[in-house]
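Before any comments, here is the structure.
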Amino acid sequence: MSVADDASTGTAGDRPVAVVGAGAWGTALAIQAARAGFRVSLWARDPGDLLLADGSCRRLPGHRLPEAVTVTGRVPADAVLLLVAVPTQHLRPVLARVLPPKLPPASPLVACCKGFERTTLKLPAAIMADVAPDRPTAVLSGPNFAGEVAAGLPAAAVVAASEAALAARLAAMLSTSSFRLYDNADPVGVQCAGAAKNVVAIAAGAAIGAGLGENARAALVTRGLAEIARLAEALGGRADTVAGLSGMGDLLLTCTGAASRNYGFGLELGRGRRPDDILAERSTVAEGVATAPVLEQLGRQLGVSLPIAGTVAALIAGRLTLADARDQLLSRPLTQE
Ligand SMILES: NC(=O)c1ccc[n+]([C@@H]2O[C@H](COP(=O)([O-])OP(=O)(O)OC[C@H]3O[C@@H](n4cnc5c(N)ncnc54)[C@H](O)[C@@H]3O)[C@@H](O)[C@H]2O)c1
Ligand SMILES: O=P(O)(O)OC[C@H](O)CO
């Protein structure tokens, strides 16, 4: 294999793209990578259970895998890059288990999940660096409902890496005429935005579910954006990243789109249901539930004011009622925008 034949230089030859995680997003990314011209190896926890009787994907009903996608229980050792799309709380153990020891050192890991790890307060790229030190890492995030990307509807996202040239190469490799990737050199800002927007979406859903109105939702989205920008800067990211696709773009989608699991969780919360009861009915992930207490803790540790995240965390933990949550946010001291 020549050095020119990998993702570090942008030409993949015929090496496959590996997607780790066959949930809705991993499946959509596998379909997108095939659309971009790659052979794709889609790692599933239970490969035999991935397809429904009609041949469509269990996590993405109505969508079939293209011929270029092979479902597997093993990540191929010659993968040109890994798109990692397991829920953040499972990222560390899954990656440690599936990473092939002989994977070429230049094959990057691209985190496509959106959250903070609850036990360590780390973002996905830092988790990947713990598992695979010295390997190039990048992140992919943006306003993307899996079903729409799988269907080839127009969408945009951002690929970020601290090595700017790697982000640009990945964007070129994975973009198609329906999926436009922008490159970015602020992986911390992108990941912070992608993780925290899920918490704001829970707040937005709760406001609508509780009948607080559209004005309340617009205020939460806008002040949520300010909150995310403060946190991103405290973690070493940039506020202007948060104004882009991974922040503003994904807030717009997730706080208004009926397909959002985080917004849907908030909606049920706002209607007065208990968090455990809502979660017990679901087999899909709402990352904001695990991320909310992390944001609360980070806010305290870093001295950053995150009132919306703190309120969502308290609501989920049962430390606040809906009425208290509303009052707590509205009775804070007046301040400048
Ligand atoms: N669905 C979307 O539209 C979308 C879009 C962009 C990003 N994301 C992000 O992608 C990530 C994955 O979300 P998703 O929607 O694909 O998930 P999903 O809700 O469709 O499915 C959850 C997946 O997690 C797997 N899983 C559950 N427990 C596990 C364990 N212990 N070990 C390994 N795997 C386990 C399940 O098998 C399943 O494949 C999340 O971080 C999410 O925020 C999702
Ligand atoms: O369904 P959600 O709330 O997990 O959102 C999915 C994606 O993150 C939207 O960009």
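Just so you know, glycine gets a Cβ as well, placed from its N, Cα and C.
Values in this document were obtained by computation on a predicted structure and should not be read as measured data.
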Per TrEMBL, which one of Arg74, Arg180, Arg261, Arg319 shares the NADPH site with Trp25, Arg45, Lys114, Ala146, Val285, Glu287?
Arg261
Per TrEMBL, Lys114, Lys197, Asp250, Ser260, Arg261, Asn262 bind sn-glycerol 3-phosphate; matching candidate in Gly142, Gly147, Gly299
Gly142
Helix, strand or coil at Asn262 (sn-glycerol 3-phosphate binding site), per DSSP?
helix
Check: min Cα-Cα distance from Lys197 (sn-glycerol 3-phosphate binding site) over binding-site residues Arg45, Ala146, Arg261, Glu287 goes to Glu287
For Glu287 (NADPH binding site), name the DSSP secondary structure in the helix/strand/coil scheme.
coil
Measuring Cα to Cα across Trp25, Arg45, Lys114, Ala146, Arg261, Val285, Glu287, which the record gives as the NADPH binders, how far apart are the two most distant ones in Å?
21
What binding-site residues in Trp25, Lys197, Arg261, Asn262 place CB under 6 Å from ligand 2?
Arg261, Asn262
For Ala146 (NADPH binding site) and Ser260 (sn-glycerol 3-phosphate binding site), determine the Cα separation and express it in whole Å.
10
